[in-house]
Amino acid sequence: MASWPIFSNSVEARYFASLVPLVNCLRLVINGFSLVTDEGLVKSVTREGNPGELLRGPLYYVLMLILCAVVFWRESPTGVISVAMMCGGDGIADIIGRSFGSQKLPYNQRKSWAGSISMFAFGFLVSIGMLQYFSALGYFQLDWIGTIQKVALISLVATVVESLPITEVIDDNISVPLVSMLTASLTFGS
């Protein structure tokens, strides 16, 4: 997402920017079905070292990046926030939760207070940072008092959804960006 501003203003730019995630998507599918074996990829992107894992969370992650680029691009706070919540919020929550997450949430023993707090904080901070970046480059103008409040609400909703014991039903690489998109669309109107 940080590289989106280097692309032209043409309509096709969003599709061209989606080529890198699309290539990564194909790489995940090829390795996930074990048509090719890239042990480095499997070890770096999966939790259990099973190539089939590439067809779940990592693949959903890349598909959401493509969706945000194609649908929202750089003209909408919605896409920026959705990617920021997935990358900055959920990504850091996993790292912090695994490292410092001894106190589990009462309704989900697979999630921790440390992970959820970091999900909210980093999702909020990365979202605000990326919104400032895109705003400074002139892609949209924001009322910052209202924006901070809206992003706090979006971060809270995304954090609650990420903390729910629903990962067997829907992966958080799908639920977090989708709920962020919905909440951002409702609050920003875009």
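In case you wondered, yes, glycine gets a Cβ from its N, Cα and C as well.
Straight from TrEMBL, the features:
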| type | residues | note |
| --- | --- | --- |
| TRANSMEM | 15-36 | transmembrane segment |
| TRANSMEM | 57-74 | transmembrane segment |
| TRANSMEM | 80-101 | transmembrane segment |
| TRANSMEM | 113-134 | transmembrane segment |
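Residues 1, 4-5, 13-15, 17-18, 21-22, 24-25, 28-29, 32, 45-46, 80, 82-83, 86, 134, 139, 171-174, 177-178, 181 of the same chain lie 6 or more positions beyond the ends of the transmembrane segment (57-74) yet place their CB under 8 Å from a CB of it. Within its own chain, the transmembrane segment (80-101) has Cβ neighbours under 8 Å at 1, 61, 64-65, 68, 72, 74, 111-120, 122-127, 129-131, 134, 151, 154-155, 158-159, 162, 172-173, 176-178, 180-181, 184, counting only residues six or more beyond its boundaries.
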